[in-house]
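For reference, the structure discussed in these notes is given below.
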Amino acid sequence: MSETMSTNEEKKLLLNGRRAIPPNNSNDEENEVPEMEAFGLIPRGFNPRDYLRVEDIYMFKEPHEINKQEHHTDKYYNPKLIVRRGQSFQIQIYFNRPYKPETDQFWLEFLMGRYPQQNKGTYIPIPVGNVLKPGQWGAKIIHRENNSIRLSIMSSTTCIIGKFRLYVAVLTPFGILRTRRNSATDTYILFNPWCQLDAVYLDDEKEREEYVLNDVGIVFHGNVEDVKSRSWSYGQFEENVLDACLFLMDKAELELSGRGNPIKICRVASAVINSRDDNGVIAGSWNNTYDYGVAPSAWTGSVDILLEYYSSKQPVRYGQCWVFAGVFNTFLRCLGIPARLITNYSSAHDNNANLRLDFFLDDEGKVDTKLTKDSVWNYHCWNEAWMTRPDLPVGFGGWQVVDATPQETSDGMYRCGPASVQAIKHGHVCFQFDAPFVYAEVNSDIFYTKTEKNGTQMVESVDTTHIGQLIVTKKVGSDGMMDITEEYKFREGSDEERLALETAVMYGVKKQNIQDTTYQPQTDVEMDFQAQKAVLGNDFKVTVTFRNKSRNTYTATTYLSGNIVFYTGVTKSEFKKHSFSVKLAPSSSSSFDIVIKSSEYMSDLLEQGSFHFFVTARINETGKILAVQKATVLEIPTLRIKTKGELVAGKEMSVIVEFTNPLKQTLENVTLRLEGPGVLRTIKKQFGRIPMNSTLTWEVKCIPMRPGLRKLIASLNCDALRHVYGELNVQIQKP
């Protein structure tokens, strides 16, 4: 293996006439550092033992010791020293004799990668001085006792993020003596949201606790009328997760010298977290078949996915938007970048970013699925990361949209962001990266267009308020929902909203004016559509309501199409067709109920229980068409979680998961997953079958490691039923 490696490397060196050394883009690789670096010929009789020699280095790296406490890194399940940049930390050096400042001279060296260079920030020599300057590398002695000294070391606020090797170098007349390579002194340096000079500085302690230190979160899903939530375990402090996150940057081949910049890190991570075009972490699948992998809805957190990728180096199957966003959130929080998971309801996936989703209708007023290419996702999840944007004008720092779900390419790769939320709100979509795409996701209009016999296209109806109706994230400090729609857009119909739109158009977002198309809306009749809350396996009813505001009597031919859809709004099958004629009396409203039977939808149901209804009505007297579409989501049963025994760190306890099958069929090949950061690692169990109405009980014994409020998260998964979750908050006592 090593022979082939060296010949490959030689080849690389020979072929690359442009650079003196190969690219330095692996945090894992090392170079040989000489223990004795001679200045010339060494005279006979030279004995290194005559000089100051380092016997031991103590790193204060235990979770309860000063470094991890002061740097908020005590939760990392990692034996090495982990500190945040721009903040001082302490180490103690033991010499073979007392240190004499008059004659002895030593310094520290931090190295990263295979080809450390001082101008690239991968070789950092730190002389010992008398004063520490904030935000700059330096070291000073704060305590001397017998043969030992204690140092306070300050790192730079722009320092590279990753794992450094530490050496102590002592000057002798004939050369430099260094300590041996010792992995126990390796030091991880992370971003520091507590430091005012760091690009990711966040000034609110409650927000830092939520967006950096909270290792569980909430994913909001469902749809606008029926917001559902589930927990997700980020697990950024679990064993090996930090190394897995650093490996992602190696995998993305990000130069080590660029790893101090959160903008660059977010951009490469949004590409490497999906497997398209770089064999990244997660393979997406939206077609309801998940052979040789795990269904996206079965995952309960990020740790299993990251660790599987770290060991196999192959994409993990399968993910959908919330899985990409959950893993991305873990990556960002793990490295110290404040991050949160966002859900945008009725999210436009606009294939040509023209702020217009086209739904084509046929002669009967039904949606023509062959012509219609755009889709409305019931919801779409992405992330926001907090950082300054020195590459943009003042005012565009703060929350930035980053999205790892592979939708469209950006600069040739499937990635998205970072795009300033502030720039999206004000329509300044000229600022990098990918702002026009995100602007379209939250601001597009829906055009219902009918193709006439002679080929001309008539716009029958325009819906300007359907897209981006609600944008949410988890509340700080609780599991509630925080509405952040106003951070992305001004109030619908306000002057500011118009101005932001005009700005976006000026900066190149394509928008066709309604005036350009032949469009006269039907204003004197309004149509509305409501669906009753529906439970999986039960019948439910939907209601179409007309309001005739004119003094005329009208008749309307109405067509309802019920479709089973993926949460991305793409239709799998039409399960309900219903047309009826109605008479609309002047100045009155009338409602019509249609019953949807469970037998009509159960056989084709997809995992998120999403339906999509299109209702179109033609007013016969005027020829005008009214159109409305609405998504609705079934209530899916939940898992019940209980605990048994004392809840004390270090003591055995039991977790019991229960589930009752509500369907009129037997569930086959059922998989249960259970996890809880700090309480238990993910456990899976297969059950052959659960007959209808029968209850499954699963008991797991575990020993919680960390005291405090923890969360248990469980999921159930089988072909007939997915998206079944349960969760429980548990307070683990100190022993």
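Every residue number used here counts from 1 along the chain in the order it is shown.
Glycine too: its Cβ is placed from the backbone N, Cα and C atoms.
Keep in mind that TrEMBL annotations are predicted by a computer and have not been checked by a curator.
Note on the domain 'Transglutaminase-like' (313-406): DSSP counts are 15 helix, 41 strand, 38 coil. For 313-406, the entry in TrEMBL reads domain 'Transglutaminase-like'.
Per TrEMBL, active site is recorded for Cys321 (among others). The Cβ neighbour count for Cys321 (active site), using a 10 Å radius over every protein chain in view, is 27.
With a 10 A radius on its CB, His380 (active site) counts 28 other CB atoms from all the protein chains. Residues or ranges marked as active site by TrEMBL: His380 (among others).
What TrEMBL records for Asp403 (among others) is active site.
Within 10 Å of the C-beta of Glu492 (Ca(2+) binding site) we count 11 further C-beta atoms, all protein chains included. Look at TrEMBL and you will find Asn443, Asp445, Glu492, Glu497 tagged as Ca(2+) binding site.
For Cys321 (active site), the nearest neighbour among the recorded positions His380, Asp403, Asn443, Asp445, Glu497, judged by Cα separation, is His380. Excluding Asn443, Asp445, Glu492, Glu497, which define the Ca(2+) site, the same chain contributes Thr464, Thr465, Ile467, Gly468, Lys489, Gly493, Leu501 within 8 Å (Cβ to the Cβ centroid), listed in sequence order. Here Asp403 (active site) is positioned 25 angstrom away from Glu492 (Ca(2+) binding site), judged by their C-alpha atoms. In the structure shown, the C-beta of Asp403 has more C-beta neighbours within 10 angstroms than that of any other entry among the recorded positions Asp403, Asp445, Glu497. Cβ-based neighbour count (10 Å, all protein chains) for Asn443 (Ca(2+) binding site) stands at 23.
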